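Scroll down for the structure; my scribbles are underneath it.
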Amino acid sequence: MPQREKSQGIMGSESVKVVVRCRPLNDREKALSSKMVLSMDLQHCQCFIEKPGAVDEPPKPFTFDGTYHIEQTTEQLYNEIAYPLVEVSLTEGYNGTIFAYGQTGSGKSFTMQGVSDPAAQRGVIPRAFEHIFESIQCAENTKFLVRASYLEIYNEEVRDLLGSDTKQRLELKEHPERGVYVRDLSMHTVHSVGGCERIVEQGWRNRAVGYTLMNKDSSRSHSIFTVHLEICHTGENRQ
């Protein structure tokens, strides 16, 4: 696909990339007659921020590894940013992370979880599930074990959103081979896209939420959903 060919240029060979996505004004901002102060140069991956009321000051430029304006969809973002990460995990066994960062109401959940309609705005997470299981179905002489975990960091405490006791405080540990891990974090075997989606929904219901002026259903925590893949080659050239 053209988008996925383009992704090689966006992702490049560096370990960390930073991209920015602009959202449209929400109903609250429209009611307050707020003005859009952001413009983008998509070709050069630049954002320009205007200072309200400072008509004589030029917009302040910021450069990123990728930029996505209002009219661009989550489908495009996935093909260009997330697809290479998932693919290299499936084919070469590398870890990959997509970290959504921004203030309350900035669109993190919209990008990561998305909406079912229109289809082009389905989130990064459900698209990754489909990508993984489509690749598994197409693989020959290979067995896969897919497990998922879901944790929350709230008030500097780590909790298992899928555990039998979601209020239990878990500990961070370090292993010489595994690196940093969460002790006693539950792992759940999944066999399909639907199974992954049910686990996400279960964990989401257990997250700490609270009302804010920006978002009445805002999560008050950070969360990490991880898909763990174990791959075993069963053909003549086993690995």
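Even glycines carry a Cβ here, placed using N, Cα and C.
Over in TrEMBL, the protein carries these features:
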- 15-239: domain 'Kinesin motor' (DOMAIN)
- G102, Q103, T104, G105, S106, G107, K108, S109: ATP binding site (BINDING)
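In the three-state DSSP reading, T104 (ATP binding site) counts as coil. A count of other CB atoms within 10 A of each Cβ picks out S106 as the most crowded of the binding-site residues Q103, T104, S106. With a 10 A radius on its CB, G102 (ATP binding site) counts 12 other CB atoms from all the protein chains.
Listed in sequence order, the residues of the same chain lying 6 or more apart from K108 (ATP binding site) and placing their CB within less than 8 Å of its CB are A100, Y101, G102.
As a whole-number mean, the pLDDT of the domain 'Kinesin motor' (15-239) in this prediction is 89.
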